Amino acid sequence: MADIETTDIRKIVVACDAGMGSSVMLASQLRKQLKGLGIEVQHTPVNSIPADADVVVCHKGLADRARKTAPDTVLIPITIFIGDPAVTRLVTTIKNGGTVHG
Amino acid sequence: MTEYTPAVYGTGVKATIQRVGGHLAGMIMPNIGAFIAWGLITALFIPTGWLPNEDFAKLVDPIIKALLPVLIGYTGGRMVHGQRGAVVGAVATMGVVVGADIPMFLGAMIIGPLAAFVIKLVDGFVQQRTRAGFEMLVDNFTAGIAGAGMALLGMWGIGPIVRVVTDAAGEAVEWLIGNSLLPLASVLIEPAKVLFLNNAINHGVLGPLGVAEAVKHGKSILFMLESNPGPGLGLLLAYLFFGPRSLRPSTPAAMIIHFLGGIHEIYFPYVLMKPRLILAVIAGGAAGAFTFLITGAGLVATPSPGSIFVYLAVTPKGGWFGVLAGVVIATAASFAVAAVLLGFGRKSGDDETPADETPESQPAPQEA
């Protein structure tokens with residue numbers, strides 16, 4: 001399980017099956033919440049997570065595939081798409097500083 | 001989150017199936033805009049359309065039989081070997097396109113990546129052996145030769161095979177329709193859908209078969225089996241009224257995103273956290289399919305995303321009744337079964353028993 005210091009987070013990738021639906025929605029929510037912190041939020045298909053991603057967010061049902069594409073990246077699996085506690089925790093941690101556990 | 005975590009979740013096999021399905025859908029989904037363009041042109045300008053126009057209707061055939069398969073082959077090639085793979089994949093796809101009189105989506109999904117794989121191997125072999133200064137010459141000619149060769153192979157080899165497969169699958173589907181067995185497909189489709197195989201099923205399997213049918217009959221019911229937004233809406237409505245308290249506030253937003261925005265993934269977690277609710281969406285899917293079947297409903301193109309707006313946009317003229325009826329009945333059936341399975345709020349998993357009050361007052365027009 002990888003960890004990352006919040007100060008090292010430059011790019012968060014939200015992944016879903018096609019990279020066109022739920023990930024876009026979640027990415028735009030995250031982008032708003034993290035505005036002004038200098039963190040890029042990107043959405044991609046889970047099969048093509050870019051190598052420079054620092055944190056990957058995706059639904060639990062796709063976590064196996066995300067681990068295969070980005071094995072060494074911190075992975076935040078989520079359960080629901082609106083108001084997931086794991087996402088809230090990620091945003092709070094980034095804002096307050098600390099370590100994000102994958 | 002223990003309560004929401006299903007026991008067995010994410011085996012290697014499932015991830016593999018998802019990945020293969022993801023590749024199939026990945027060839028189609030970036031091109032959905034072109035599909036919608038074709039759907040709009042078809043719905044408007046064919047002789048039975050809203051604004052029949054002989055000249056504009058000439059666009060219909062070349063787009064569905066040439067442009068869309070070539071786009072699929074191009075995208076499939078790009079997934080395997082970047083821009084060079086895309087070019088060779090597109091050229092090779094012309095082989096299956098010209099050799100057939102049906103839309104060769106399946107053929108394109110095979111030969112596009114295959115041709116790109118061939119040029120990838122060729123590149124790996126040739127590039128280390130190319131002398132400095134000859135790279136451009138060699139690159140262009142290897143791509144040209146590989147593309148031409150694969151186009152010939154597509155025309156004589158792959159095209160006829162895919163034709164036979166497509167015909168057989170089409171006949172199987174027509175047999176299912178003829179015997180009113182199509183609603184049974186929901187027993188397979190709905191569980192696979194919530195395991196994130198939704199795109200694979202809709203775009204990888206049902207879409208290509210549906211297009212073949214739509215070209216023949218002007219519409220197809222196959223587009224509506226996976227993409228019907230009714231079952232998901234019914235499930236979310238049941239959650240709104242009878243679900244666990246903690247989840248109720250999020251369901252109206254989820255309904256809007258699902259039903260109007262067409263992002264079905266939004267409701268999958270609600271099924272996964274209470275797996276018995278899969279029966280509700282199966283019932284909804286089957287009831288919807290049955291309604292589509294008896295009203296003779298169909299769409300001209302894949303509705304993607306599966307939003308009610310897209311549904312109405314790709315419905316052929318005069319077909320709105322059956323389409324809307326299927327969506328409404330699917331919603332009602334799914335809602336009813338989910339409500340029973342949630343014990344009308346008593347088995348919702350809450351500690352307190354919610355019986356007297358319903359905090360949300362979201363209007364629920366779809367429950368019949």
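Note that the numbers count up from 1, one per residue, in the order the chain is shown.
Here the Cβ of each residue, glycine as well, is placed from N, Cα and C on the backbone.
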Report summary line: Between the ranges B:55-72, B:253-270, TrEMBL assigns transmembrane segment to B:253-270
Requested in this report: Looking at the candidate ranges B:30-51, B:140-161, report the one that TrEMBL labels transmembrane segment.
Outcome: B:140-161
Query raised in the report: What same-chain residues lie close to the transmembrane segment (B:140-161): Cβ under 8 Å, and 6 or more beyond its ends?
Result: 84, 87-88, 91-96, 98-100, 104, 107, 110-111, 114-115, 118-119, 122-123, 126
Query raised in the report: Which value does the mean pLDDT take for the domain 'PTS EIIC type-2' (B:20-354) in this predicted structure?
Result: 88
Requested in this report: Among B:86-119, B:181-201, B:221-241, B:253-270, B:277-300, point out the range having the most Cβ pairs under 8 angstroms from the transmembrane segment (B:320-344).
Outcome: B:277-300
Report summary line: Per the Cβ filter (under 8 Å) with a sequence gap of at least 6 from its ends, the transmembrane segment (B:221-241) is approached by 173, 177, 182, 185-186, 189-190, 193, 198, 201-202, 206-207, 209-210, 213-214, 247-248, 251-252, 254-255, 258-259, 262, 264, 266-267, 270-271, 277, 280-285, 288-289, 292-293, 297-299, 301-304, 306-308, 311, 314, 323, 326-336, 338-339, 342, 345, 358, 360, 362, 364, 366-367
